[in-house]
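Novice: Sharing a structure here in structure tokens format.
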Amino acid sequence: MANYFNTLNLRQKLDQLGRCRFMDRNEFADGCNFLKGKKIVIVGCGAQGLNQGLNMRDSGLDISYALRAEAIAEKRASFTRATENGFKVGTYQELIPTADLVINLTPDKQHSKVVADVVPLMKQGSAFGYSHGFNIVEEGEQIRKDITVVMTAPKCPGTEVREEYKRGFGVPTLIAVHPENDPKGEGMAIAKAWASATGGDRAGVLESSFVAEVKSDLMGEQTILCGMLQAGSIVCYDKLVADGKDPAYASKLIQYGWETITEALKQGGITLMMDRLSNAAKIRAFELSEEIKVQLNDLYLKHMDDIISGEFSSTMMADWANGDVNLFKWREETGKTAFENSPKADGIKISEQEYFDNGVVMVAMVKAGVEMAFDAMVASGIYEESAYYESLHELPLIANTIARKRLYEMNVVISDTAEYGNYLFSHVATPILAEKLIPMLQKGDLGEPTPAAEIDNVYLRDINDAIRNHPVELIGQELRGYMTDMKRISSQG
């Protein structure tokens, strides 16, 4: 199969990359009625599969799970999750032929096999759904022309999709219809109803495209969302220990620091995050962020270029074909880092403000990383709304996974695709930061507060203006207006 994006001409590529419209709430007045009375079968019962299914069932839809015969016979985790939650479970042959909508929520690397096994069993005129378009865009999967192909992609891990729904809210969601597969013109109605059933319409829905979702999603997860947090965790921990800090304190400052810092980011963007610092620390964080951009911007652009060209996906799929040799090797190497093996911080107390005061360079990494990822996406034709959701918006959710069980938890929760891209980025970014940024750090940049200093009002004013007028802040202020009931996320120890 050929990479679908690479088969498009330039005009088509730009059109697909630029598909992005924030949908009005009244467009969801019918809720999920379009899917009521229809048989919906979910393939896969992992985090997204289970939690989307729970939400859809609670919204009044008919949900069942199709699993491989061996998964049922051996009572594997997917079978146990589905049955313990009271869902009907059957084999592909038992459930797929009567389904009106089949939703594929298996890992990316399984999609081609799932399509080969499932689509021939689907009835004429039915629909097939994804929550990530990698199989369509990067692998070039071609689905039977009588089948409608749609995507509903919540911009959160599956656990948060469920928790926000239970609160009566939801998570921001991208929806799309594959232009090659909408024979009856019902694709958008299906995607809207699916998004409503998961609660997405309560938090905001972007009408997007398979292409825009995939290219922006890959860029965000490889760079700021996972790669930058991994590289930053490793170099900051090593620096603290080298400076004589208690390893347990250093571990806690890093492990819970990302989460605490990005909670402010979630509520008020980079502006609020920077406002949590003293004036002297804010100036220093701004200066460090500009230096980080000098050091890493070329790497961000390379990742964006490799994603657009298909180089990243072809490299990763070659590793799939080789039994994930590189993925497993890199996962093992991550488990051996000093940060991952640092002592637990039992009894050590760090106040919320101390995470900011003693983590100025971490704040700088977040600021620089978000802005570089956002700018690279927009420069490649991705609209600002999509770039915001795939950079700033998801960052607190990923930081929360590190707070739970460090980098191990982050890499378990994210997809294998995200994990592979994370390693590609962090393996290059970590030595750059260690060799260029860390030697530049001064007293007060990490592990202790920034010393008081005389402040130049004009310089501070200009820095504040630069922070508040970056495009990610301008679009972020607008989009956060649709998410007026965001809960605080905290695993703080």
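Backbone N, Cα and C atoms are what each Cβ position is placed from, and that goes for glycine too.
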Novice: Pick the one from Asp182, Asp201, Asp217, Asp238 that Swiss-Prot also lists for the Mg(2+) 2 site with Glu390, Glu394.
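Specialist: The record-listed residue among the candidates is Asp217.
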Novice: Take the domain 'KARI C-terminal knotted 1' (209-345) and count its residues per DSSP category (helix H/G/I, strand E/B, coil), listing them in that order.
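Specialist: Final tally across the stretch: 114 helix, 0 strand, 23 coil.
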Novice: Taking the mean position of the Cβ atoms of Asp217, Glu390, Glu394 as the Mg(2+) 2 site, which residues outside that list, in the same chain, have a Cβ no more than 8 Å away, listed in sequence order?
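Specialist: Counting only non-site residues, the set is Lys155, Ser216, Met219, Gly220, Glu221, Leu225, Tyr389, Ser391, His393.
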Novice: Per DSSP, Glu394 (Mg(2+) 2 binding site) is which: helix, strand or coil?
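Specialist: Glu394 (Mg(2+) 2 binding site) sits in coil per DSSP, no helix or strand.
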Novice: Fill in the CA-CA distance, Gly158 (NADP(+) binding site) to Glu221 (Mg(2+) 1 binding site), as an integer in Å.
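Specialist: A Cα-Cα distance of 16 Å.
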Novice: Looking only at C-alpha atoms, tell me how far Glu221 (Mg(2+) 1 binding site) is from Cys45 (NADP(+) binding site), rounded to the nearest Å.
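Specialist: Here the two Cα atoms are 22 Å apart.
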Novice: Is it possible to list how many residues within the domain 'KARI C-terminal knotted 2' (346-486) are helical, extended or coil according to DSSP?
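Specialist: Reading the DSSP string over the domain 'KARI C-terminal knotted 2' (346-486) gives 102 helix, 0 strand, 39 coil.
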Novice: If I take the Cα of Ser78 (NADP(+) binding site) as reference, which of the binding-site residues Asp217, Glu390, Glu394, Ser415 has the closest Cα?
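Specialist: Minimum Cα distance from Ser78 (NADP(+) binding site) across Asp217, Glu390, Glu394, Ser415 lands on Ser415.
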